[in-house]
Amino acid sequence: SVSSIVPESCLLIVVGLLVGGLIKGVGEKPPILKSDIFFLFLLPPIILDAGYFLPLRPFTENLGTILIFAVVGTLWNAFFLGGLMYAVCQLGGPGLNHIGLLANLLFGSIISAVDPVAVLAVFEEIHINELLHILVFGESLLNDAVTVVLYHLFEEFAGFEQVTILDIILGFLSFFVVSLGGVLVGVIYGVIAAFTSRFTSHIRVIEPLFVFLYSYMAYLSAELFHLSGIMALIAAGVVMRPYVEANISHKSHTTIKYFLKMWSSVSETLIFIFLGVSTVAGHHYWNWTFVISTLFFCLIARVLGVLVLTWFINKFRIVKLTPKDQFIIAYGGLRGAIAFSLGYLLDYHHFGMRDMFLTAIITVIFFTVFVQGMTIRPLVDLLAVKKKQETKRSINEEIHTQFLDHLLTGIEDICGHYGHHHWKDKLNRFNKKYVKKCLIAGERSKEPQLIAFYHKMEMKQAIELVESGGIGKIPSAVSTVSIQNINPQTLPLERVLPALSKDKEEEIRKILRNNLQKTRQRLRSYNRHTLVADPYEEAWNQMLLRRQKARQLEQKMNNYLTVPAHRLDSPTMSRARIGSDPLAYEPKEDSENLPIITIDPASPQSPESVDLMSEEPKGCSGLPPSPEEDEEGLVMRVKEPSSPGTDDVFTPGNSDSPSNQRMLRCLSDPGPRPEPEEGEPFIPKGQ
């Protein structure tokens, strides 16, 4: 019940305090956590466990944010805290006046770094969401390079009589040497471990040994040259894991997993217990001004650094960090045993105030672990911060993840923007083409990523099936492919595809590869200044202009007349009127120049099916009317359908002649008529 409220790290420190007090009460001298024991034996298992099982995808996606927090944030904390503590020492009275600027900057570099052991101990218990966990934990892992550089830099500057600008420039360059050198050492040992695991198929017992051996060698080699051992361990674990797991047996994989977890848990327990014991056993010098100022300025520097850096980072992030996230990142900056061990390493000859430094460091560690560690869980619940959702990965999720990766890579290629998806795709291609063939034995080197993931899930489901009580009941989680493998079914003969020969298959692949590669190389980035001119573009523009002119001409002709034409009745109404009173619709005597339309009321043909543009009235065609036309009146002709492939607008026809246009004007303008008097029919009889 106590561990649900108080973090495990706090309980272990309390146990250490009780054990140290008991040993001191008996009259013995309690053991002190020596820095050599801490850095050589207790810290590497925790870092190797974190690096080997590091969630690589969220880590790489947020690597820019993590690096800004780890490098810029740690530098800001160190110099801000060191400068303010120097001001406090100058104003604090006779007990603090002798502490110089370099000593305060060294103290700031020790106390400013977030501790990975403390972060792991607290954050794994509150089950915070993956983004916040990887941001705080990644920062605590990667700020080791900054801490190591600043610590050794100020320690060496303390022995100089005068610090020149050249020393400062070399110190700045040493940061890149320490961080990148540590990563390089880790990569080299990771590749060696992966290559060695390729030849261990005949002796599976020693497979886990190579993982631990090469990882520890990477850490020792980095520390030997004053490089970052933590960076070397993380790089070695990340590089070797995918190749080692493809080579070793499942039993060896289980051994590595549980041995690392057990080893890191034992180291973590010993570290916090020794912190409590060393607090009781060590020499302390308490100065209220120095200790309280250190604690206050630590909190202020952390909050200001997170707020300013997050404001800058959010300008470039797609998923923004909310104020709740910023609060958890600032509140989760826990200090731990690394700061205590670095303070314990200080030399009395150069730093006579070492006891006061250690007292302030222990106070900050206790405050962050006890106060912040105990209150972060209720604050997460109070702020309703999103927690980690325990979900099992599925084939469906893996397929969609790979599909989105390929899609985003293709979009970046088309746009000509070389983002992280493009470089990730390049790295995967290089890995598949060269690295896997050298480091993975047998057919597993050619196995696609999806198939490898499927085999891993099948093995996991089989183990769960055996542990749950046998194969009597097959759970729904087992895929249909597994059931088909248990009960194979032969396909019908007509559905069996003919097997391709290897030469034919290779030829098809070569054709596809060459054509796809040509297409990929032919695509260029979009730029409106370098677009290739379309040869048909001018013809299309001319066609559109002519069509637009024709429409404008038609609108002008319709709007040219001042008197609007009568609204035509529907065919049914026209037939009804003519059938009821045929004499009322006889033509006028003075309508010699107007077209006369003779309509048979019984005709089923609708006037709408007749094209008026093809009508040629007498007197309007320029020819004298014949007697047959005189009797027939207006001759109606149905418009012939246009031949396929011709354009109605651009193909000149009979309707485009001036006589036909005059005909249109005659039809649309019957001329002014007198207003019908009351009682007169709509069209009076012969006038």
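Counting starts with 1 at the first residue shown.
Just so you know, glycine gets a Cβ as well, placed from its N, Cα and C.
TrEMBL has this to say about the protein:
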- 6-25: transmembrane segment (TRANSMEM)
- 6-380: domain 'Cation/H+ exchanger transmembrane' (DOMAIN)
- 37-54: transmembrane segment (TRANSMEM)
- 66-89: transmembrane segment (TRANSMEM)
- 101-122: transmembrane segment (TRANSMEM)
- 134-154: transmembrane segment (TRANSMEM)
- 166-196: transmembrane segment (TRANSMEM)
- 216-239: transmembrane segment (TRANSMEM)
- 260-282: transmembrane segment (TRANSMEM)
- 288-314: transmembrane segment (TRANSMEM)
- 326-345: transmembrane segment (TRANSMEM)
- 357-380: transmembrane segment (TRANSMEM)
- 583-687: region 'Disordered' (REGION)
- 652-662: compositional bias 'Polar residues' (COMPBIAS)
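Ranked by number of Cβ pairs under 8 Å to the transmembrane segment (357-380), the listed stretches 6-25, 101-122, 166-196, 260-282, 326-345 are led by 326-345. 216-239 is the stretch from 134-154, 216-239, 288-314 with the greatest number of Cβ pairs below 8 Å to the transmembrane segment (37-54).
For the transmembrane segment (260-282), the residues of the chain that approach it from at least six positions outside its boundaries are 9, 12-21, 23-24, 29-33, 38, 41-43, 45-46, 48-50, 52-53, 117, 120-121, 336-337, 340, 344, 355, 358, 362, 365-366, judged by C-beta separation under 8 angstroms. Sequence-distant residue pairs (6 or more apart) of the transmembrane segment (288-314) and the transmembrane segment (134-154) include fewer than 3 whose Cβ atoms are under 8 Å, leaving the two stretches without contact. For the transmembrane segment (326-345), the partner stretch with the highest count of Cβ pairs under 8 angstroms, out of 6-25, 66-89, 134-154, 166-196, 216-239, is 134-154.
In this chain, the transmembrane segment (134-154) lies in contact with the transmembrane segment (216-239); the count of Cβ pairs under 8 Å, excluding pairs fewer than 6 apart in sequence, is at least 3. Of the recorded ranges 66-89, 101-122, 134-154, 166-196, the transmembrane segment (6-25) has the largest number of C-beta contacts under 8 angstroms with 101-122.
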